[in-house]
Every structure is written in C-alpha cells, then in structure tokens.
C-alpha cells in the first residue's frame, strides 16, 4: 500500500535555511544540505524547498542549493518560489529537483501549468494554493505573493482549473490555520479532495501529533507538510510516524 | 565501468549523483561501441514510452541494447527504462519495446482511492527470496508512474500493491528492471544500486 507522506518544508533565503532549525546535533543549522540530510535520516518522505529570496540577483542560488542537496540526499525534492517560466523549471529539474511548485506565477499565468506539464509531465508540476476564508461570505479564496495579495479566485474552482491544466499534485495551505498550531483545516481538505482526483498535500496548522492523525483519518489527503514543529524539534518525524502507524495510518 | 545510456531521458543526473555518492564511476554515452564494451548498462528514463523508443531507434540504440543483453552484459532499466525492456506499451497507441523481457506495459486501472499516477512510497513484497535484490523485502521505495508491466510472475522479483499487483523489480537472466526510482528511495535505494554493482556486475 502507498504510504502517507510526511513532508518538512524549508524556506531558503540567499542559499541559507531562513528559520533557524533547532537540531542540537547539527554542525550548521543554516545549511540546506545538512538539514536535508538530517530529515532524510529521520525518515522524511519528501522535502519541499521554498525560495523566499527577495531580490532577483540572488535568485540563481536556488539552483546551487538544489544541485548541492541532490548530491547528498536521495529522496524526492520539490522546489518552489519565484519560478516564472519553463526555462526556470528545466534548470531546477536538471539541478536535481523532482517536482516544481507553482503558486503566484500560475495564478498570473495559468498557461504556465500546461506548458510545464506538457514538457515535463503532470507528475512534475505541483500547484501550491494559499487559501483564506472570507469572513463575511465564508467563501474560500486564493491569496498570492506569500499570502499578502488577495485575488478574486475561489480556491476550489482554482484547484479544479489547475488540475485540468495539468497539475499532478496540489499543495494546499490554509492561511487561517498556518502558524496557529491548532490542527489542519479538515473541512478545506475534505472539500478539495472531493473536487479533484490528484494527490493533495495538507499544509498549515500542524502542532500536535493528533493533528497529523486527524488529517489523514478524516480527509483523504496524501501527505502532510509542516515546518516549525519539525524545525524546532517540538515533534520528530519518527514520533509522528510511530503514532500514525499505531492509529492505523500506513506510513513508511 | 557502468554506462548510462544517454538519450535525453530525464533522471540521468540524479542516477549519476547516486552512483557518485557510492563511489561508483559511471559514463554517460550514446556511443554504441562504448556501450557494448561496458561492464554493465543502466537505461534510465522518465516520460512517455513512444518518444523514448523513437529516440533510442534514431540513435540505433535499440539494437545495441539487444546485442548487449544477448552478450550477457548486465542491463538495468529504471522506471520508463524498465518499461522499455518489455515487448509493447499501450501508451498513446501500441508501441514496440526492446523485447528483452516478455510482457506488455499497460495503464494502471482507474479505481476509486487509487490516484494515477501512483506517486509516493510503496512497500515491496518479495516474490523471489533467492534474488540478489532480496534486501528489498518489506522495504518502501519511491514510485512515480501511470503504466505498469503485465508479465508472467516468473519474471517478477518483487511487487507492490496499488489496486493491482505492480511489478517493482523484474528480471530475465542478465536483464533487470526497476519500476521505482532507486536514486530517490533513500538509504534502501542506494543499497540497491550498490547491490547491482557488487553482486550483479561482478559476476
């Protein structure tokens, strides 16, 4: 049986992991390759690297990061942030990325999804969607630019469009839950999973082990992504996987 | 030396990195003489069956690989590279493969709860305990594919369950295929590549 995936996410700024990672045994807590290797040792199923570099001059360093990590870490790597065209995708894939994650650029230019999927295959193209509930209408809306910019797009409709255009996977972040450590947005993932038939990665809200159990038990998601709970050592991947297995969730 | 077939196949760089990490020297080439003189050949591949066969034929590598297999050179196909070893594929119409392992490549059945492509880590069920790759027993390896091999179980070394039994490792004498990506399967993936080098290639 296919295992449910646990996916740590690393924010990269100018070649370094942005949020300090709190593993006592690491020599360099800012080195993406060192941290990636530690997560591989812990049993992470996949890693997501998000380029949050603010300036364009420093952008190309992401290729070096991917190149360097993929020489030492042998698991699936997804790379996102600032990817504008098929050439950007090709460079990152050649450097060792397995999947490309598109967010704001796909909203601005949906044909980018199609172009990427046609050239590299649907399995290569992840569309990341940041979702926030409109307090008045209750509608789930798409935000871009790291959640700073609102759009007119309904999240469920955008997810369907992205899949039709060739997205092979969706990485759905609940902005309402992100950073709260109060659990994943189960209703959002139930609704998403009913609307599309590609794998869904849940992101935002992980705080306790039971949050992971809940999201896998109550919504048909394929993976759960988390950053700070793993980075700061509040939870380890073996702890989470141990409890998931005990709860009857198939993990590696 | 282990030779990787150079035909714009996709996962070549990551495979080279995995072998390099293991200290195993590889040579990436499409030169027929170099391929036939190598200790072992690895056929990588990501993408569509038909276009891959078109490129192999254009470079006359189809006959080279068949000659190499007949000459007893260990040959390992990975992912699409594994699928190419079979007789035919039904991806975008029927396309002939390399005919090195009897069987056909067909689409994974559409079934509720089993998304296509199969993408992620699945657990190997070892069918041939005497195989060089018996270390795979109960281990999870990383899969990304929409088509799978339908063949006589005698060629199946290990399989995974995904609505149907999907051959994960296949073998016909000196010809081996892996549907998963050993170069993306963490520690066990590296062990498998090492086993290929140490136990298959040395023989």
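Backbone N, Cα and C atoms are what each Cβ position is placed from, and that goes for glycine too.
On a predicted model such as this, the values are computed, not experimentally measured, just so you know.
For A:11, A:130, the entry in TrEMBL reads active site.
Residue A:11 (active site) sits 16 Å from residue A:130 (active site), taking the C-alpha atoms as the reference points. In the three-state DSSP assignment, the secondary structure recorded for residue A:130 (active site) is strand. Look at the Cβ of each of the active-site residues A:11, A:130 and count the other Cβ atoms within 10 Å; the largest number goes with A:130.
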